[in-house]
Structure formats: structure tokens, C-alpha cells
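Q: One structure is given below, represented as C-alpha cells, and several questions about it will come after.
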Amino acid sequence: MPSVDDVLEQVGEFGWFQKQAFLNLCLTSVAFAPIYVGIVFLGFTPDHRCRSPGVAELSQRCGWSLAEELNYTVPGLGPAGQAFPRQCRRYEVDWNQSTLGCEDPLAGLAANSSHLPLGPCQYGWVYDTPGSSIVTEFNLVCEAAWKVDLFQSCVNVGFFVGSMGIGYIADRLVGSSASWPPPHQCRLGRPDAVAPDYVSLLVFRLLQGLVSKGSWMAGYTLITEFVGLGYRKTVAILYQTAFSVGLVLLSGLAYAVPHWRSLQLAVSLPIFLLLLCYWFVPESPRWLLSQKRNTQAIKIMDRIAQKNGKLPPADLKMLSLEEEVVTERLSPSFLDLFRTQNLRKYTFILMYLWFTSSVLYQGLIMHVGATGGSLYLDFLYSALVEFPAAFVILLIIDRFGRLYLLAGSNLLAGAACFFMIFISHDLHWLSIVAACIGRMGITIVFQMVCLVSAELYPTFIRNLGVMVCSSLCDLGGVVAPFLVFRLTEVWRGLPLVLFAALGLVAGGMSLLLPETKGVALPETIEEVERLGRKAKPRDNMIYLQVKMPEPAGL
């Protein structure tokens, strides 16, 4: 009986049908980018100072320039270590009193302005930006600055819950295309733009996370199931590269639309176009076969043949899953991930790699917004380096193997973060170059750890293993905002110290995994154990054929 891969070899492994489905699903990957990293623009914190009643009138009466107004009325202006008093405290002075002069108005109140009492910003803030963000609208600064971190953490909590929930729905209840939820992603993106208060914004952000990553994962799985074996690696990498296209588009869109509500609408409304694509993506024939819906699977394979201009094989009606030859099916259990010594080691290492890849990836993106340069250009530069990262993977993965590429990329990202610690604040361009190098390294890690995870687990717990390990990626995204923004307040280089340590340790731990290049996917836990003892690629095996002499007289 032919399998799906056997039929694809005859009707086209990457023909017109697959290309059309690939393009449609890539739109989902593009649309996911603003949700994943939109915090850089939605939560941008501009320079700010306390609003003091009477200052504007006094400045106008005295004819002060902006620099003079700040010098006379804002405490702690100047020294780098005085950011908190400058942005979060005000002089407790009645600026409306007539005794204040225009030349150093505070001189008559105290010999030194540092002796004047300071108070909280009870009248709000003045923000030095022509646009707006959730920070400027809801005053998420000073003592409330942690609420920006919570805003980003909420979407990652949604990723964590939603990816498992939609994965369960896709596997248990409906087909992959039916679980592909761009309509819900669009509906839940629009309320963000009209949220009346901060609490409502958090709720909508959480709900958006529930469906958005599941949408991306469903598309990833679906397109790899439609193409032949020889195209799966390339298609998977290019699907993730479409996410990078979304990053580039986001930087230009954020520059053109500097107001956060309008930006949120701009990135949500185009998802309506995905509704048109939704009807052109059928269910996965592999999933249909696993649900014993062979007739529907055969119809879809026949449709693929017609779209590709090929004739379906004569034995198409006997289409089946390769797994059907197995008479006994094992039931996966969470404990199976830790059942043996090698499997335990691989699981813990992969969990750490998923966690660190998320922390470094999101951390480097958010760190760009805290460096003080051109937010839009810096974001664009760091997004562009993801394209050569995909090219590097396609070029050398089959030549050098998985482990060296995974370990080397982790070490590169960690070393780049370590180097950034010692770069002077005046050399902003050098800091961006180092950040881009680190970003390229961690982008490679993100794509490689997904591949290695799938290749190390035996078949009956492969989906479970990848799901559990990748959930650490979402947990990393939950803590990353707090690590970046709160540690930066202590010392600008402190997040980089942590990122460097995580990346360098991850590089060393990657070498403890077995090489899977050219090795058949393990079917049982016993095969995983043998893989750990001697991870010899199939390409290095030598087969000898012994020809026996023919018996005499024949």
C-alpha cells in the first residue's frame, strides 16, 4: 500500500498546489511577527518628565527655550545616574507665585536646588514624542513601569496555553486547516486598538496570544505535511523566514504610523485577507488517514495531482499511513520523557535550549528599544540579519551537521552579548553591529533547536517531547521583559551579562547532544539510548557485499 510520501513522489513533491498553499500559509507567519515583537513599538517609552502646573505659563512669560525650561524646572537633569529624579520626581514648588524670577527662579527659594524637596508626579507626565504608545496613554512609567513588562508577558502566557490547546484540537478534534485560526487572530487583534483601560488591554492581549502562536504552529505543521521529504527542511526554514519579512514590514509600518492604536489596527485588519486564503488550504491528508477518513484523504491527494498537472498513481485508492503496519501503538506519557538516563539528559538540555533561545531572541529585540538610538532603523537592521541566518542554515547544515551549527550559534550569540557590555555608549553603531551578530546567531539557534528536538525523540513521544520542551520558550518570553527593562534600570549592561552567560552555557550544553545528521528517526526509547552511545551518521557507514561462490556442478 502506498504512503503519502510515495504518492507525493509521483504527483509532485513541491508543485503548483504546494506552492500555492505555502504562499497562503506564509501570510500567517508574516502576520505573527507584529504580535510577537510589537512591544518594541507599542510599549515604547520616550523621554519624559513630571508635569508641573504653572511651568508652561512661566516659561512663556519668561521666553525660555526648551533647554532653559528643563534646566530650571526639572530636577537631576544632566548626570546619567539621575534618570529617576529627572523623570519621576518634581520640585514641590508653586510655580504660579509672583516672586519667581526668570533668571534662575529657584535661587530665591534655596541656595542649592538639590536642597529643595521632591515629590511624585501627581499631575502626570510630559512625553517628548510626536506619537503615542501604551506607555504615554496609560502613564506606564516610574513606579508603574513594570506594567509594560506584564503587557508582553501576558501574550507569552497566551502563547503557552494556546499552543498546547490548539495543538490538542488539531490532533484530536479537527484537521490542521480547520484549526488554523487567522479569523480569531484578527478578531482578537482589533479589541487591543480600542481597549478603554490597561486591564482591558491585558485581557485582549492574553486572548490574542491564545490563538496567534497556535495559528503559526498549525501553518508550520500543515505545510511540511503537504510537501515531499526532500523539500521539508527548506520549506520549514523559509516559512520561518516569512516571519522575518513581517519584522521588516513592521519597522516601516511603525515609522509611518507612530500612534499605537492606529498601528494595532494597521497590523490586525490585513489579517482579514487570510480569510480568503483559508478556503484554499485543505485538511492534511496524513491527519485524515490517522482518523480513518481515507476517502477524504484520497480526494485531496487526487486534487494535488490535478493542480500539479500529474496523473495520480493507479493504486491511490490503497493509500495508507506507514504507521498502520504497526500492530501495537504505544501511549505517550509525560514520564516517558525522563524514563532513561539519556532521554532525561536530552530533555533537560532541550528545555534549557528552548528557554535560552527565547530569552536571548526577545531580549535582544527589546534591548534595541532601550539603547537610545533610532528605534526604527535599529529594529530594521536587526531584522534584516535574519535572512542571512536562514541562508547559512541551508548552506551548511548538511555539511557540518546539527550540533556544531547549534553550539556555534549559541556561542556566537553569547559572545556578542558579552562584547556589547564593554562598548561605550557613544559608539552606538558598534553596539548595533554586535547586537545584529547576536541576533543572527540566536535566529539560527531558534530554527535548529526545533529541528533537533524532532530528531531526538522516538516516534510515539515526538509530538509530546517537542511540545513540552517548546513550552519553555513561552516561559522564557514571560520573564524576558522583566529581565530587560528592570535590570536595565539597575545597570544598562546587566541584562547583557545574563544573556552572555545563558548563551555561552547553551553552546557548551549543545555539544552533549548526539549528532543526528544522516541518522534515521528513532522509533523507540531503546533506539534513542543506542543513539546516545554511538551517534554514527548513516553517511559514514560502509556496507560490504559478500558474493558466495556458486556450488560446483551448477
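Placed from the backbone N, Cα and C atoms, the Cβ positions cover glycine too.
According to Swiss-Prot, the topological domain 'Cytoplasmic' annotation covers 1-24, 256-261, 369-376, 424-431, 486-492. Feature annotation from Swiss-Prot assigns transmembrane segment to 25-45, 235-255, 262-282, 348-368, 377-397, 403-423, 432-452, 465-485, 493-513. The topological domain 'Extracellular' annotation in Swiss-Prot covers 46-234, 283-347, 398-402, 453-464, 514-554, and the record cites sequence analysis as its basis. The annotation N-linked glycosylation site is assigned in Swiss-Prot to Asn71. Swiss-Prot lists 282-286 with the feature motif 'Proline-rich sequence'. Residues or ranges marked as phosphoserine by Swiss-Prot: Ser333. Residues or ranges marked as site 'Important for interaction with positively charged substrates' by Swiss-Prot on the basis of similarity to another entry: Asp474.
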Q: Determine the Cβ neighbour count for Asp474 (site 'Important for interaction with positively charged substrates'): the number of other Cβ atoms within 10 Å of its Cβ.
A: 23
Q: Count the CB pairs under 8 A between the transmembrane segment (403-423) and each of 235-255, 348-368, 377-397, 465-485, 493-513, then give me the winner.
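A: Going through each listed stretch, the top one turns out to be 493-513.
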Q: Does the transmembrane segment (235-255) reach the transmembrane segment (377-397) with at least 3 CB pairs under 8 A, where each pair is 6 or more residues apart?
A: yes
Q: If you run through the topological domain 'Cytoplasmic' (486-492) with DSSP, how many residues end up as helix, strand and coil?
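A: Its residues divide into 5 helix, 0 strand, 2 coil.
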Q: Just to be sure I understand, if DSSP states are collapsed into helix, strand and coil, how many residues of the motif 'Proline-rich sequence' (282-286) fall in each?
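A: Result for the motif 'Proline-rich sequence' (282-286), in helix, strand, coil order: 2 helix, 0 strand, 3 coil.
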Q: Quick check on the topological domain 'Extracellular' (398-402): DSSP residue counts for helix, strand, coil, in that order please.
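A: Computed counts for the topological domain 'Extracellular' (398-402) are 4 helix, 0 strand, 1 coil.
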Q: Work out how many Å separate Asn71 (N-linked glycosylation site) and Asp474 (site 'Important for interaction with positively charged substrates') at their Cα atoms, rounded off.
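A: If we compare the Cα positions of Asn71 (N-linked glycosylation site) and Asp474 (site 'Important for interaction with positively charged substrates'), the gap is 44 Å.
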Q: Quick one: do the transmembrane segment (377-397) and the transmembrane segment (348-368) have at least 3 Cβ pairs under 8 Å, skipping pairs fewer than 6 apart in sequence?
A: yes
Q: Grab the pLDDT values for the motif 'Proline-rich sequence' (282-286) and give me their mean, rounded.
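A: It averages 75.
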Q: Tally Cβ pairs under 8 Å between the transmembrane segment (465-485) and each listed stretch (25-45, 348-368, 493-513), then give the stretch with the top tally.
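A: Per the Cβ under 8 Å count, 348-368.
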